[in-house]
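The next block holds one structure in the form of structure tokens; read it before the comments.
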């Protein structure tokens, strides 16, 4: 059984999520201890527990310690269940997108349909529009297709969002994403839930004003939803090049003007573009697991503590070589084979 110290590196939920994904894919059981030991609320929290439950349902796993507050978990996966529907409710505003990142690599070509309820647009995780505009589009470039249906949005603290992910199929193989290529267009989605529509327009216009200096077409749509459980706003942007995509997002909050939200996302996007990387900071971390499974190389915008931690966890499950050139917190090249 693979032994994992949950306090290693950045010591957060990413260690658990990466372990769960690779355990289900490889069939290798693991024991993780000191779960989130250095965090203010150590042990498994509800959204981490739902990642465990989701992967348990997918793989008919045996578990011990899967309860809120637990600092140790044993996870023994069995064969992945195909042709099945799974419902996951991470509660209030638990991150839907972190659950997507955990389960998606494990359900490729398994005909699994997953309904996830919780927070679609919440702090400290990619927004659902980033997942749609950037994450899924880059996966398409490496041979993985997935259908994502956003039924309801959920913001902090009430949540209430709902997403269905299905038809995750493909024939992924080793990939090379070493440049963005010529920038062709910037796409985006500016949204509001149960707030005035002009907020989405102001976010969009603010971002557009800053991005206009890039000299490419800009297509930002607005998504205005009334009657949602939670109130909130945000914007996600995708700079689409001939070979890759760079993304950014920003969320509204009480006291934060709509113009600031749009400006923030635009400046984050430009900062990522200025690194001359092939993928942004979010994707630098998220792409590593796919490169580890299929072989790949890419240039990430920033070598984060998440990335370092991921490397060590991945090597516990897979017999691979990870060659990384670059220093924190700057851009880096990852080659995994």
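Quick reminder: no glycine exception, Cβ is built from N, Cα and C everywhere.
Since this is a predicted model, take the numbers as computed values, not measurements.
Among the features that Swiss-Prot reports, active site, tele-AMP-histidine intermediate is placed at 306. Taking a C-beta cut-off of under 8 Å and a sequence gap of six or more, residue 306 (active site, tele-AMP-histidine intermediate) has these contacts in its own chain: 10, 12, 14, 285.
Sequence annotations record features per position, and here Swiss-Prot assigns ATP binding site to 101, 282, 283, 284, 285. Residue 285 (ATP binding site) falls within a helical segment according to DSSP.
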